[in-house]
Amino acid sequence: MVAISYEDIVKVPKALLHDHLDGGLRPATIVELAAEVGHELPTTDPAALGVWFTEAANSGSLERYLETFAHTVAVMQTATALRRVARECALDLAADGVVYAEVRFAPEQHLEQNLTLDEVVDAVVTGFREGSALAAEAGAPIRIGTLLTAMRHAARSQEIAELAVRHRDTGVVGFDIAGAEAGFPPTRHLDAFEYLQRENFHFTIHAGEAFGLPSIWQAIQWCGADRLGHGVRIVDDITPGNPAVLGRLAAYVRDKRIPLELCPSSNVQTGAAASIADHPIGLLRDLRFRVTVNTDNRLMSGTSMSREMALLVEAFGYGWKELQWFTINAMKSAFIPFDERLRIIDEVIKPAYAELIG
Ligand SMILES: [Zn+2]
């Protein structure tokens, strides 16, 4: 088999379901925006700042990792800044060969300059639309769906859920909750999830990253999540072997084809996996869970969708067949309408990989 290079991976279409807007800024943009608003950074050299972010995120704890967001969120407080960051996000993903992406952010974190929640969403959605149009002109079309995140330690989830539904026809395709898991179970936000279900809306929940099975169980069986943000600790309910033995929760997740939004580099940084080679993605793929590959925070992890796939190729020896499988899994699990998903799978993804798989 011919080795797959990073450059080859950039060229093939990829689909991404779990990417944070405030975790993917260009370092140079942070420096410029920080200068405009007088926000102090650890360094104003873009290259050094990029290194600072990855090093701070490499400390091994989710809480420390979340601290790096103080700087990115600080420079995303005006409509102009939000629009620019979203536009550049679309362009960067498209340049990396991503043809479909769901990018999430928490509107409640962008109100320091007195924007309303609706103005925040409008600015981001406009930025994605502008970036997608520029990318299409440059020959790299990308479709972006926006997910609105509520912070799990806060008490605004119902308000954010209503905001998401209000913007469902202009680019918002789903809802999410994020933030430190310990002490903040998803069941605190049951009202929001029940509201979303009554509205026939889609949502994913950050669960089973730093925290174990109870968090995954609550997200699915109490809250009704369509997908699991990470969900990597589902391996705690699997006894490896030949054959592996699945507990009732792991069996349910696999039987129901509940998508796992796995983020290899991010999981290693937060200590949810010891290394890429030790990442449960290998086992979960072998057991045919609905596994997807994601970036989480491109800036903090110094990564991209192509890099995540290249790391998996290196660690597990995957070929184009496996990369296509991850990509189609993600596209099948997207929150946009079924006919649109099918079109991207049949007209964009399958033809490109068919040439490589032969
Ligand atoms: Zn995340």
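Along the chain as shown, residues are numbered 1 onward.
A Cβ is built for glycine as well, from the same backbone N, Cα and C atoms used for every other residue.
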Listed alongside His18, His20, His206 for Zn(2+) in TrEMBL, from Asp118, Asp122, Asp296, is Asp296
His206 (Zn(2+) binding site): secondary structure state under DSSP, collapsed to three categories
strand
Could you tally the C-beta atoms, other than its own, that fall within 10 angstroms of the C-beta of Glu209 (active site, proton donor)?
27
Environment of His18, His20, His206, Asp296, the listed Zn(2+) site - residues of the same chain whose CB lies within 8 A of the CB centroid:
Asp19, Gly23, Arg104, Ala178, Gly229, His230, Glu261, Cys263, Ser266, Asn294, Asn297
Which residues, same chain and not among His20, Asp22, Gly179, have a CB within 8 angstroms of the centroid of the CB atoms at the recorded substrate site?
Leu21, Gly23, Leu66, Phe69, Arg104, Phe105, Ala106, Gln109, Thr149, Ala178, Asn297
Sequence gap of 6 or more, C-beta under 8 Å: which same-chain residues meet both conditions with respect to Asp22 (substrate binding site)?
Phe69, Thr72, Val73, Met76, Val85, Phe105, Ala106, Gln109
Cα separation, Glu209 (active site, proton donor) to Asp296 (Zn(2+) binding site) (Å, whole number):
12
What does the structure give for the C-alpha distance between Gly179 (substrate binding site) and His206 (Zn(2+) binding site)? Integer Å is fine.
8
